[in-house]
């Protein structure tokens, strides 16, 4: 037993010897003992995967507008030290935020980058130029900012898209002259105080109160309870000087509903204004470059002119006036401009899916694993059918959703008051679908990159935390999709009541005869655009009819219309998905039909068929309600595999068409062996 208990000095000496053997090693050339495996060396995918079509043309289709402007901003950021450029992979430059920085440091860097962008003219005309050209330029630039950093895009988006658009659309000429120019120049830093601790998606239920005082011609804004504190307000914690605050308007004891008011929350020196309390929301799973805050208003007085009065106004004597008499219609008109926020979220979600897919696809075209013969070379990941199945359908989906996003932008640019309802429905459906699909894509791409997908520098893993929030802000996705189904039900009932044909929302197909689906589905039939369109339309019209009947059934049992709708949530969700996928397919098909070059048209057809087949294969709806037989389901799955094979040679060209510069991808998208070599340790 005594030998087990040596003296303290002996133990210390022995430990010192062991540590020295680890720390003091003979000097060896790091690479002298290392050589490349015969089958594990990097080959640039471009050497063996030539493009069969013009990738610039496909990018123009997918981006839709301002390709050169996007590239200008990408280059501007890449060349500035503010965007943390690092050299890896034999001198290749990569740019990405420093996610190891504290939230305070990340917020400071976000503001420094905004100042740089402002000084370089990026924001010129974002609020003062009302033209369609300026609006599309703004969208393209904002999407490019999101490719670099979601925090940067959100911080800019809150200032311009939320605060700025609220002034622009809720306000009138006096508000425009007073606020828009200063906002564009960042003389005013705005935020958007809608969400409360107790009310998010239910905007009508916000508790903050604005009481009109006719004796002073002021509104008194007050937070009556803890659940009424404004929550998750981007920009509020550190930087914003002003906010648009949403509150219940009370005049002489009568509640006129939710209205928007301009309130100052900080002075020009950054000091919090009297009767305002602000707290930080704290560290988050992503977006730590955005200073989300909480705001309490303690009887804050603002002048009558600070009511944003494009929909309704309060006269000096306290008389409430509005050209829209119906409160429901007034509320809808009031919130309709906010669809632009859902539009930008849709576009950013699609862009980030492109980033992840470009990284994962390039990696799969250079990374090998296992061999199929004892002495044969290891196989490229993307040559495994299972790996093709996990990535190539996602390529088709992101291409289809790119076209759907461009459709949404066109609708927004050409909007009229009569089209507000359609804009709300489309933006709700596409925002929910794109943000959900983005999370699916990021997870699949993370797994497809194995352990390398966990490294922050390889982007995909960190982007999951950064973009998860899209599923719940600007409207919880589940709630948005229920709103879509509710709107479709209203259209259906109106047509039944008026005995008029369907018009709008792409529902005109319901005026014709019921599509007939062939019993025997060959490969040629499955890839037919007519078959795909017929099947998607059949599903939508049948689900809409079933949904209406189920709601009617519950009402006949004594339930209220709202309760009947809630009880029919399963059909509501299936209907919203059917509407969104039918819309996306038709928009994608239209883009394909406009292509003149045969090689690109062929690839677009393959992508469109892959999109359709994947949508069918992913859900039970087509089989649950008998639109397809079980045997046809097996044929669809077989066709997905065949389309993976057909699209495999085009995978690199497709991701190259996304237009994401190399510096915005990651080291594993290129020479991942060199990036992880001993000689590269100093650059990490």
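A Cβ is built for glycine as well, from the same backbone N, Cα and C atoms used for every other residue.
Automated prediction, rather than curation, is the source of TrEMBL annotations.
According to TrEMBL, the protein has these features:
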| type | residues | note |
| --- | --- | --- |
| ACT_SITE | 474 | active site, proton acceptor |
| BINDING | 195, 234 | FAD binding site |
| DOMAIN | 191-300 | domain 'Acyl-CoA oxidase/dehydrogenase middle' |
| DOMAIN | 338-489 | domain 'Acyl-CoA oxidase C-alpha1' |
| DOMAIN | 533-665 | domain 'Acyl-CoA oxidase C-terminal' |
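Same-chain residues at least 6 positions away in sequence with a Cβ under 8 Å from that of the residue listed as 'active site, proton acceptor' are, in sequence order, 338, 341, 342, 345, 431.
Within the same chain, residues at least 6 positions away in sequence whose Cβ sits under 8 Å from that of residue 234 (FAD binding site) are 154, 155, 158, 162, 191, 192, 290, 291, 292. Counting residue by residue with DSSP, the domain 'Acyl-CoA oxidase/dehydrogenase middle' (191-300) contains 6 helix, 52 strand, 52 coil. With a 10 A radius on its CB, residue 195 (FAD binding site) counts 21 other CB atoms from all the protein chains.
For the domain 'Acyl-CoA oxidase C-terminal' (533-665), the mean pLDDT of the prediction comes to 97.
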